[in-house]
Amino acid sequence: MASTETMHYENNRPEHKVCPKYGLHSHMVKNDYREPFIDKGYRCENMKAWDCFKTMFVFKCNETFNIWTHFLPFVIFLIKFVYIFNTELSIHDSFYWPLAANAMGIMGFCLTSALAHMFCALSLQARHTCFYTDYAAISIYSVTAWEATFFYGRLISDGGFPYFGNTRASMLICLILSLMSTIQCCATRHVKSALRHALRVGSFVIPWIFAAGPYMHRMLTCDSELDCQYGAFSKFINHALLYVTGAIFMATKYPERLFPGKFDAIGQSHQIMHLCTAFGADIQFDSIKTDMLSREAALRQQPLNDGFTSDCVLFTIVMAVSNMAVAFVFNNFVDMIKEQKDTKTE
């Protein structure tokens, strides 16, 4: 027997009425399209790509500012990074490659997020695919942040944890953590628990701690003037606070939890999280760049340079492909589950 919720949707679904493309109420869309405490501003199912693109300019849609809060930072980051690597730093110098990888990771997760929110109304399968890719891009960014922090923010004196001195072992650990994070995030899309957003946020905590590990360890154990430079420390703290703030809003769903339906278009927790991560990533990049420039001469003399920068390129490619492969596997998983449901229905 059909549930009350299903019957309510069936009586209000687009096939039964003339459906506006934008501005639908939550009871007019399937449960898979709904967001907690967001009452209106939804889009029709199976929209065309052009109509999805036009969402950027339809301000009654609850996805519009989800798009802009990461697309605009992407444009700003693109201009900033092109300027930096054309005027201040040479992209042809392999010493700067880990920083360049971090820049690409930042632009990658911002652009992927914006596109995911833009095109997630193409179909239910496309919705899952968009956000699987989004989660993979976040994991990729966390790895590029680790690369830059490991290379520029580590102790120069030999006093770190054993694996900090073994680049390939550290790379393997980082890769495993990123894949676990992507897998857990993708899996939460099929968890009906109210805690799924908290689980999704929590999956990125350990990769972030590992990424920040070399710098935090250096600040806690440094005993030389070169290692105990605190010029970038305030930026590091600020970026960490922004990430924590964004995570809290995302996990708790404030402020829309307090006033359901009042933050449907603008001001919802997801948009606040987007802004916190964008500003946090910008400060994180500046923190690493500041630290790098202040210790560049000493860092260039380290044996780590010889193997790490060349490995960095291959590792980044392998890591990116691996995380996207996870998204691909989960996408096929959704197809398989759908086919099984269709077979049972028949």
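First residue shown is number 1, and so on along the chain.
From the backbone N, Cα and C atoms, a Cβ is placed for every residue, glycine too.
Among the features that TrEMBL reports, Zn(2+) binding site is placed at H117, H270, H274. Long-range Cβ proximity for H274 (Zn(2+) binding site), meaning a same-chain Cβ under 8 A and a gap of 6 or more residues, is found for N66, T69, H70, S113, G246.
Per TrEMBL, the feature transmembrane segment maps to 65-85 (among others). Here the transmembrane segment (65-85) has long-range neighbours at 55-56, 59, 91, 96, 100, 103, 106-107, 110-111, 113-114, 117-118, 265-266, 270-271, 274-275, 278, 281-282, 289, meaning same-chain residues at least 6 beyond its ends whose C-beta is under 8 angstroms from one of its own.
Among residues of the same chain six or more beyond the transmembrane segment (105-124), those with a C-beta under 8 A of the stretch's C-beta atoms are 30, 32-33, 43-47, 49, 51-53, 55-56, 63, 66-68, 70-71, 73-74, 77-78, 81, 130-131, 133-134, 136-138, 140-145, 274, 277-278, 281-282, 285. Positions annotated as transmembrane segment by TrEMBL: 105-124 (among others).
Look at TrEMBL and you will find 136-157 (among others) tagged as transmembrane segment.
What TrEMBL records for 169-187 (among others) is transmembrane segment.
Taken from TrEMBL, the feature transmembrane segment applies to 199-217 (among others).
Per TrEMBL, the feature transmembrane segment maps to 313-334 (among others).
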Taking every protein chain shown into account, which of the binding-site residues H117, H270 has the largest tally of Cβ atoms within 10 Å of its Cβ?
-> H117
Other residues, Cβ within 8 Å of H117, H270, H274 Cβ centroid (Zn(2+) site) = E63, F65, N66, I67, T69, H70, S113, Q271, M273
